[in-house]
Amino acid sequence: MKQHKRLYARLLPLLFALIFLLSHSAAAAASLNGTLMQYFEWYMPNDGQHWKRLQNDSAYLAEHGITAVWIPPAYKGTSQDDVGYGAYDLYDLGEFHQKGTVRTKYGTKGELQSAINSLHSRDINVYGDVVINHKGGADATEDVTAVEVDPADRNRVTSGEQRIKAWTHFQFPGRGSTYSDFKWYWYHFDGTDWDESRKLNRIYKFQGKAWDWEVSNENGNYDYLMYADIDYDHPDVTAEIKRWGTWYANELQLDGFRLDAVKHIKFSFLRDWVNHVREKTGKEMFTVAEYWQNDLGALENYLNKTNFNHSVFDVPLHYQFHAASTQGGGYDMRKLLNGTVVSKHPVKAVTFVDNHDTQPGQSLESTVQTWFKPLAYAFILTREAGYPQIFYGDMYGTKGASQREIPAMKHKIEPILKARKQYAYGAQHDYFDHHNIVGWTREGDSSVANSGLAALITDGPGGTKRMYVGRQNAGETWDDITGNRSDSVVINAEGWGEFHVNGGSVSIYVQR
């Protein structure tokens, strides 16, 4: 008996450890479904309250399964009203009086740090927006010798050499040398699009400079986009931007990045920059690049040139959603995945429905129509492939002057987020076998209680589809979590169910 007691005494701690590991493993499995939120739209009010909004929203985001947030550019732009893409001083996060303001459009550095702390306390990662293609809002002009180039073919020079006054001198008088003593001059750039002396808008390439060659070949060479174009063949520039990236990550305790306008930046530099920041911070630093082109080949080329060391937004999938939403039931829903990143490189695809560039009134306007958005969100949130992102403008509505603004749809998106958080686990079965009605199922995972689902979407008439959800779910009663259908489905002994969807709608059935 004493031996048994001694054995029991030895085994008891091991038993507790095993129970802990099993419970921890189940919790880990339940948290595997990452969901990213772009926490801004283009027309956010210039009230300096956005970082406070983010902090106040952190508990809500965590409750609804948001595991990461992409914040807008956090540094000083050309003015207080700058959305952030006219980047002026990358080291001024709302701390110094520059461009007529201390705060940015979104608030102060301290408020941002408080918001990030609140998000981190709820296990939500934070991805910083990285705008390093150009600099805007220079402090002074410089006399520079330049030539004009053809906007449609940037390799073709269309003028002789001329002297222009270019906005290329960045002194940062409000910040001085705090954090960095690097000052920018014309020779740190390749070109610009404004001659202050003549008040002329042209694309000017500076004397002795060449466009960075490892970029998109649109317009002959698409290095130049706007403002003063940063020269990534200049060693001082590359060293400074790498140094800043490490500082930015450490200063805000970021967990990753969104890279802006990468088709205009030397691909090999972006690869090296990501590797450098990861090495210096010792963190994974999840990174997704915005390469805006509806062409899988171009996106694959970028992934190859950057050694697949970060992800890309699935732009082709967005355009499939847009097409499906605008064709009045004439779109072939079986082709939703054709030519998409998620179909070829699922672990490198960040899937999305809309963003700040595609919303009404913006440069890449291609807004998915409102009726189709719940279908699109079901597609990216309940399937196993891709890293889905939801858009602030879809959750809370957009605020621009356009009469075509996006209405707040959180009441439609919340049930789909719940489906992702609690039910979208296990083996997937696709039913892309009808022009209008397509569906898929997830069998569920034994480590996630009651998981598994069956989803149907249609851009035309409603109907039914018989789908397999796994024999382990036999006898269960499943209901539509979206509330669009009131009927229930009982899974038969072989693991099949007959699921229903209304016309132009979505239904996601889960265990009662």
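Cβ atoms here come from the backbone N, Cα and C positions, even for glycine.
Predicted, not measured: the structure shown is a model, and the values here were computed from it.
Per TrEMBL, the Ca(2+) 1 site holds N133, D223, D229; the candidate it also names there, chosen from H188, H264, is H264.
Summary of the site annotation: TrEMBL records Ca(2+) 2 binding at D190, A210, D212. Screening the candidates D181, D231 against this entry identifies D231 as the one listed for that site. Long-range Cβ neighbours of D459 (Ca(2+) 3 binding site) (same chain, at least 6 residues apart, Cβ-Cβ under 8 Å): A324, S325, Q327, G329, Y331, M333, F372, L375, N436, G504.
Summary of the Ca(2+) 2 site environment: with the site residues D190, A210, D212, D231 set aside, the chain residues having Cβ atoms within 8 Å of the Cβ mean position are F189, G191, K209, W211, D223, D229, Y232, D233, H234. Local packing around the recorded positions D229, D231, D260, E290 was summarised as the count of other Cβ atoms within 10 Å of each Cβ; on this measure the leading residue is D229. The Cβ neighbour count for A210 (Ca(2+) 2 binding site), using a 10 Å radius and every protein chain shown, is 14.
For A210 (Ca(2+) 2 binding site) paired with D223 (Ca(2+) 1 binding site), the C-alpha to C-alpha distance reads 10 Å.
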